[in-house]
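*Asks:* In case it helps, TrEMBL gives these features for our protein:
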DOMAIN    8-394  domain 'Major facilitator superfamily (MFS) profile'
TRANSMEM  12-32  transmembrane segment
TRANSMEM  44-65  transmembrane segment
TRANSMEM  77-95  transmembrane segment
TRANSMEM  101-122  transmembrane segment
TRANSMEM  134-156  transmembrane segment
TRANSMEM  162-183  transmembrane segment
TRANSMEM  213-235  transmembrane segment
TRANSMEM  247-267  transmembrane segment
TRANSMEM  274-291  transmembrane segment
TRANSMEM  297-317  transmembrane segment
Amino acid sequence: GDPLPQTKRKIIYIVYLIAALDVTWMFLQFSVTPYLAKKLGFDTLWIGYLQTTVGVIQLLGGPLFGRFADLFGARAALSLACSAAIASFLLLAIANHPAMLFIHKLPTVFMHVLPACQMVVADLSEPEKKADGLSKLGLCFGIGMIVGSTMGGLLSTRYGQTFTSCFAAAGNVFSLLLVLKFIPKTTKKKNKSLFDVGEITRLMKFPGVTPTFLVKIIAGLPSGIFQVMFSIIALDFFKLQPQENGYLMAYFGIVQMVIQGAVIGRLTARYSESSLLLLSVGVSSLVGLAQVHTKNVFHFCLIVLPMMFALSMFGVITDSILTKSVPSSDTGTMLGLCASVQSLLRTVGPTAGGFLYVNYGISSFGLIQCSVNITVKCLGLLMSFYRVHLVKDN
């Protein structure tokens, strides 16, 4: 018996709002950084290094932050994440030197609003509602992407980059106030001791965690590279202006919203998680093949539909499998690790992506994606063949 289902639901809705706002400010900033970097004289490879730096910083921060969230609770974690974002955007506002672009990325070590939101949702949802709850967060991501990209394109075209950055900082102040007012101190049952690496190896020993993790890393790599490189491809290959880039991102957001809101919840209710995982990996390899033949923005907009489907499904299912495989006192750490997979992709992605793009052009991404996913697909089939299901579908 849960005495406060209403309160829980209210907290979850507030968390959705915080997540949507966070993504909005993030995409506002995305509309600034690549163009500002060009203005300060960065070329494709250097923008790659800049993003790799973020990847490294967040890779270090992810598990630490997750552990921090498990120990000190949701309010402390979200406050830390929002404050870090404020610092980062203010630094971006005054960036007038290439070094400043790197410095403004330092606070990203704690900018893990989404994993913290995921933790709260995972903690407060019933086990069977977890995948659905987590996919609704993806819906917030879509909303934030649409609003943020469109606003970012308009604001930076009209009022310039400094104004846009300050606007994003102000937005984060608002998010911080929401956190302090509505988010409970903790969403856990019991407490634990601070960070140690043993914790992470302990989590890896739970049945099904390691294989799922490996699949998540390997299959996520190509699309991770492509996503990170997208802003550069938009500048270079499609020759888009900030505003057009904003609209394209907004279109992505709409696609993602429809998928997360309408499609994924229905599928998770109907089919087993391991078969959905195989489906997403399969679709992903087809997308790779299609990417090889991308000639213009229109082609790209068509490919985005199955691409977003595969990405979203893949992320939601693997996160759900992984949080289900560990006890509730560890969900923050587990989601912190999941987030660090994203960061790992951002670490390898930009440098690898820059290299591939400069040397082999846009079609190389598609070929890699296709081959990697087919490999994972075979592994997955082997695994289910030996009945080592990623998670025993009860």
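Just so it is clear, glycine is given a Cβ too, placed from its N, Cα and C backbone atoms.
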*Asks:* Sort out the residues at least 6 away from either end of the transmembrane segment (297-317), same chain, that have Cβ-Cβ distances under 8 Å to it, and list them.
*Replies:* 131, 134-135, 138, 216, 219-220, 223, 238, 240, 248, 251-252, 255-256, 259-260, 263-264, 267-268, 273, 276-277, 279-281, 283-284, 286-287, 290-291
*Asks:* Hey, does the transmembrane segment (162-183) touch the transmembrane segment (77-95), meaning at least 3 C-beta pairs closer than 8 angstroms, sequence gap 6 or more?
*Replies:* yes
*Asks:* To the transmembrane segment (101-122), which of 44-65, 134-156, 162-183 is linked by the most Cβ pairs under 8 Å?
*Replies:* 44-65
*Asks:* Of the listed stretches (44-65, 134-156, 247-267, 274-291), which one yields the highest count of Cβ-Cβ distances below 8 Å with the transmembrane segment (12-32)?
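*Replies:* The listed stretch sharing the most Cβ pairs with the transmembrane segment (12-32) is 134-156.
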*Asks:* Residue list, the transmembrane segment (44-65) vs rest of chain: Cβ under 8 Å, 6 or more residues beyond ends.
*Replies:* 33-34, 37-38, 77, 80-81, 98, 101-102, 105-106, 108-112, 115-116, 195, 200, 228-229, 231-232, 236, 333, 336-337, 339-340, 342-351, 353-355, 357-358
*Asks:* Mind looking up the mean pLDDT for the domain 'Major facilitator superfamily (MFS) profile' (8-394) in the predicted model?
*Replies:* 80
